[in-house]
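Enquirer: Annotation comment: TrEMBL describes 154, 227, 573 as active site, charge relay system. According to TrEMBL, the feature domain 'Inhibitor I9' maps to 34-108. Per TrEMBL, domain 'Peptidase S8/S53' is recorded for 147-610. The feature domain 'PA' is assigned by TrEMBL to 413-488. The domain 'Subtilisin-like protease fibronectin type-III' annotation in TrEMBL covers 680-782. According to TrEMBL, the feature signal peptide maps to 1-26.
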């Protein structure tokens with residue numbers, strides 16, 4: 001379906017978009033850009049026409065005429081949040097930002113991008129369907145409470161995938177208000193009782209890049225990239241037996257975590273024009289905010305957003321996803337976001353607001369073993385899912401990429417097999433050892449093939465440790481850990497004619513230890529507000545099998561023409577929909593719970609232990625901690641019955657924002673003169689940045705158990721910090737009852753028997769309430785000033 005002609009129904013909307021683009025071009029001397037003008041929440045119950053007129057009036061005040069005001073408006077946000085996106089000059093945006101009713105006016109930028117089976121069994125589900133007692137996780141679909149709906153913001157969907165079959169599903173929930181938007185190679189019949197809605201948004205994208213090149217993306221909800229199809233099927237794909245990745249890897253039954261839930265698709269990510277349009281996508285805030293506003297108005301219960309910022313974090317009022325998630329939470333919609341793939345460096349996590357769930361990535365217990373036999377007799381275990389094999393099961397000569405580059409290749413990247421860097425005379429017919437670093441992993445394989453190499457052996461850099469993402473390379477090959485890469489290079493340097501045999505690979509289950517934190521997973525602390533711990537949770541995100549777009553290929557490289565229905569991907573983009581699915585299950589079981597209560601249930605029931613009972617480790621072999629995984633690894637079974645929850649309201653979040661950065665996120669709710677410190681937000685984790693003397697943190701828990709309950713607290717103190725919880729016992733007479741307790745923290749003097757204070761470093765501990773059945777655990781992270 002590549003390059004299909006857009007149907008006539010698209011011509012009028014396209015004309016309107018092009019009219020807006022001409023406005024940008026004609027005013028290029030003024031450097032007009034797309035700005036989001038955020039006005040806070042809606043006051044009262046204005047009809048949509050009145051809201052739109054308010055937005056036009058604001059634009060008229062700076063544009064000077066009704067005609068210019070209407071031509072400049074791209075989106076009017078009118079369901080949950082109050083605001084609009086428009087083409088403005090810097091001066092016009094500044095003038096609007098100074099108006100008393102305007103919270104903020106900020107540029108809509110393309111700094112957002114996607115953060116790119118067995119995983120559900122690993123989490124304790126039987127193919128995503130059954131609970132511990134053998135019953136369905138989702139209530140029977142003849143009950144309206146079971147018809148939960150997830151909105152997926154991503155690159156679209158491939159609706160023909162078996163993962164999106166509506167066989168056996170009942171009617172679309174009566175409360176659903178969404179649409180199935182037609183477009184290029186996508187009609188209303190592309191939706192069904194599974195995909196109940198689909199929309200696409202690209203006004204801000206086209207205002208920046210001009211008209212979409214439909215060679216690389218469908219002007220419709222149809223997915224050309226594959227990322228959106230993968231995330232949608234991970235969260236809510238149907239149970240499909242007998243599937244596998246290319247080459248038969250990861251064979252088995254594919255299923256999303258909530259296979260009976262309904263899907264609503266919001267396409268907001270599009271290819272970046274340039275040398276790699278198949279690889280690089282971008283998502284503009286104005287488009288995403290329009291999608292989030294529509295999703296809540298349409299009736300979704302959960303939003304799954306595997307998207308994050310690639311730049312420095314913005315203030316909450318200038319962050320489109322944070323603004324959209326805040327108003328979604330006000331309506332009870334949980335927003336689950338990926339934390340980013342910039343680890344293991346500290347302070348790299350994105351999506352930092354406390355009213356959203358921020359997800360890190362970890363491994364599952366599956367591997368794709370690819371034995372390597374070096375010429376000196378040493379055996380090494382690689383990992384691969386490439387279907388290609390070297391013929392003959394015999395030794396092949398090996399060469400290190402740095403010893404086989406063409407003249408002029410920069411020395412600092414000579415070992416990384418970047419495009420056009422290898423000498424054909426030096427690599428022809430050989431196994432080429434490349435190191436990860438700059439460039440795409442699959443792109444390195446493409447370079448080896450271009451130069452005539454027989455296979456690629458891809459080594460980890462030290463920072464990636466033993467974590468090995470797998471790829472469906474376009475030639476034989478495998479990947480190895482940093483330690484094994486060092487062993488291989490040592491052998492090459494010691495031999496005049498190094499060789500290796502690459503043995504065919506196979507899928508292996510029950511790998512130990514697991515889970516392990518992915519090295520690529522972005523780490524805390526939260527640089528925007530260090531008194532809120534991020535990430536919140538971790539979930540499977542390494543080598544995950546899910547549905548794929550048949551307009552793409554396993555590698556998405558221009559030279560790769562293979563078509564697959566399922567593909568293996570890694571990233572926090574893959575872990576986010578795992579958490580989104582768990583949220584769906586909680587929504588179905590507890591439809592009256594707030595977004596904060598559901599987030600609390602997921603966080604306080606997480607585990608910090610691996611399947612063997614030891615601590616969760618990082619990919620480099622170090623012991624993980626809250627800055628790596630937040631509260632821990634998700635346990636959906638336990639989250640269904642958490643015992644206690646930490647609840648928070650829209651007003652609580654507004655008060656938090658006042659304290660965090662002096663931000664008044666809603667003009668109708670003024671900030672107090674002295675708001676409580678940010679760490680006083682009733683959050684399921686505790687973080688105190690700059691402890692100086694003594695700090696007392698207040699928390700409130702709500703009993704969501706069956707009735708009377710008695711809880712006692714256990715504390716694991718951070719090194720050098722005294723932690724006293726008062727009272728130490730909580731007694732509840734009924735479900736729904738609330739209890740308040742305090743946590744007093746004080747830095748110990750240096751030289752005490754329990755260890756002195758560690759200044760300038762984050763130290764971690766925890767406290768946990770238990771009634772003998774439930775364990776309600778919260779991490780504590782402290783930085784002593």
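Cβ atoms are placed via backbone N, Cα and C, with glycine included.
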Enquirer: Near residue 154 (active site, charge relay system), which residues of its chain come within a Cβ-Cβ distance under 8 Å, counting only those 6 or more away in sequence?
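Expert: 114, 223, 227, 228, 231, 232, 265, 266, 267, 268, 269, 304, 306, 307 - these are the non-local Cβ neighbours of residue 154 (active site, charge relay system), listed in sequence order.
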Enquirer: Other than its own, how many Cβ atoms are within 10 Å of the Cβ belonging to residue 227 (active site, charge relay system)?
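Expert: I get 29 for this one.
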Enquirer: With DSSP helix as H/G/I and strand as E/B, how many residues of the domain 'Inhibitor I9' (34-108) fall in helix, strand and coil?
Expert: 31 helix, 25 strand, 19 coil
